[in-house]
């Protein structure tokens, strides 16, 4: 396996990107439902929103643990720099996920006095999304590193740019959740989701556009990556496709289609994610630590690769199985709540 | 003592892990109990088993949710608060944690959906399979966590290059010398803890004269498991103690409050009571039994083992905490043994459901397993100090470069949020227990709410 060694960090970056990508999409729509709690006070609507993801949220969140655990395992140096640098948003995210996660069980157990857990679910989901945006923004901005360790202050991540990323992610998760509800519900709730989807879509397009203009202006290396020849010839389809997908989603929403919007938005997320990866490569801690510097021992990477090659397909298999088991629209009054 | 960020990070980790450990130790046992009930129902068709399985599944759902959210916190704290630990030991700890996620977390989290919401939607055999998967997942999770922890207690199978640990032999790393007994000790503790909760709930119903058949089943199943496991646990604990003597002599000396080496042939006394005094390096108010220390630790009358003074003061764990936590754990263990023996005696006499004194005590035994686990965990974790990874990384050198205020605020927030969340969780569990098992209507499967908690809510509002 020695021939494999130089590629191990790249393979692991791919595995982690897969985990984070799956996390953002899967936990994205259930965090988004929490965000949508703010848009209605109707109790049945809130019940149905929660019921639509109750069997899945736990598995969805596990991708976050794989993302974090995988970063520790494959890139311990990057993990030990990024985590303390983004201490505040990460701790806020964890606290928010606690409130959001227990609300799935407590809200039902507390009925009819569940007002507090509605707030915990909505507030926790929104705060978690915002904090994940801060993490993303803080990461793109770069981290002060000295002697292979974080050497900055606790609020280094905080900036207008990070706030923009935070709002962008909140809007993105809200949009995903709207599209999820179009597939999983019918009647008033679906109509409500369709009405909300458009403003969320506009907000997402706006944030993505500003980030795409802001980063190359601010970081010459990113401008070089995208606008130098021949890169520009290969890369222009990416923003073009993102724009086209956004238009497709817009049209599908107007036409009343139930399934195209969700998959269109997933596509937008994946393209934005790919754009970020292209901007950052080969850095894992942007501007300071690259994949090869951050990588763990080859023996560790190989040992885990064996496990991942066998287990990841199995995990995907039973994840799909569970989604299949609970397929179809939530039926009024029957539901699985 | 100054509130430096390292101390605050230690407090934060201790606080979050103490709350977390309660839930996995309960759900490991409870998921197995539910799977057994469902399997029995599949074989005998008794509706009572199904009702009990549903009743406990509601409680399981709440406990599992609290275990998951508090566990995610732990997996991130390695980086946020212990970043130098992650740099130094990441090559070893990282893959073990990754295997936990891959083999255990996904299994339990995914099949939990079917276990909780699948009744009435999927065939019975699939629902049973999902429950078994969840039970297996929780045990696999304990396997990897204890493998990682055992390696930190006594690291082998690696080599140090420029201050960073590199793996040499994964089998030796996973199955490090203290691992097998530590794993057996923990899993057994988890099953016993659940058994005592089940017994307590059974006794509560029996005392109140509610659900007498369910109560009898719970009392018998709980006691039946405990009568096998409690003596076994004492045996495993003793063997684990011998391993500690062999591999972590400083921890063992702290457990025993053993300061001075005795004369050859004099044997080490057992300190029954006393207050270890770290300044004078003696035990105040000590009441000791000559030779018994040797007998327990070395299984010989005059055996010797290292004393605290064999280690430099900077290399000794905090003695009083380890000393008292150990006595508390062992005390609970023997109290459990006495209680179980009494219960089984009553069962044999046919008085189990009639002896009100026993039932009154039994109704209150639910916390003892948790207390034993927390104190045992304190023995093992505080006993490892001042090291994070014994021999090559001290806790003081493992922390992240954070400011004192940052950690102080996060710790305060954890205390606040955990306070609210866990009090509410315990309140809801108690309410579910009060509501009791709901009768199962044969043939009305689809008409019943398949989501357990709303089922509970409905039965509460009736």
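Note that Cβ sites are derived from N, Cα and C of the backbone, with glycine treated the same way.
Keep in mind that TrEMBL annotations are predicted by a computer and have not been checked by a curator.
As recorded in TrEMBL:
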TRANSMEM  A:12-39  transmembrane segment
TRANSMEM  A:85-103  transmembrane segment
TRANSMEM  A:115-140  transmembrane segment
TRANSMEM  A:160-183  transmembrane segment
TRANSMEM  A:195-214  transmembrane segment
TRANSMEM  A:234-253  transmembrane segment
TRANSMEM  A:260-283  transmembrane segment
TRANSMEM  A:303-326  transmembrane segment
* To do: Would you kindly list the residues that approach the transmembrane segment (A:12-39) from elsewhere in its chain, counting only those six or more residues past its ends and only Cβ-Cβ distances under 8 Å?
  => 46, 49-50, 52-53, 56-57, 59-61, 63-64, 66-67, 70-71, 74-75, 100, 118, 121-126, 128-129, 170, 172-181, 192-193, 196, 266, 269-270, 273, 277, 284, 291, 295, 301, 304-305, 308, 312
* Structure fact -> Near the transmembrane segment (A:234-253) in space but 6 or more residues beyond its ends, with Cβ under 8 Å, are 179, 194, 197-198, 201, 204-205, 208, 212, 226, 260-261, 264-265, 267-268, 271-272, 274-275, 278
* Spatial neighbours of the transmembrane segment (A:115-140) far in sequence, C-beta under 8 Å, 6+ residues away -> 30-35, 37-38, 46, 50, 82, 85-86, 89-90, 92-93, 95-104, 106-107, 156-159, 161-170, 173, 215, 276, 279-280, 285-286
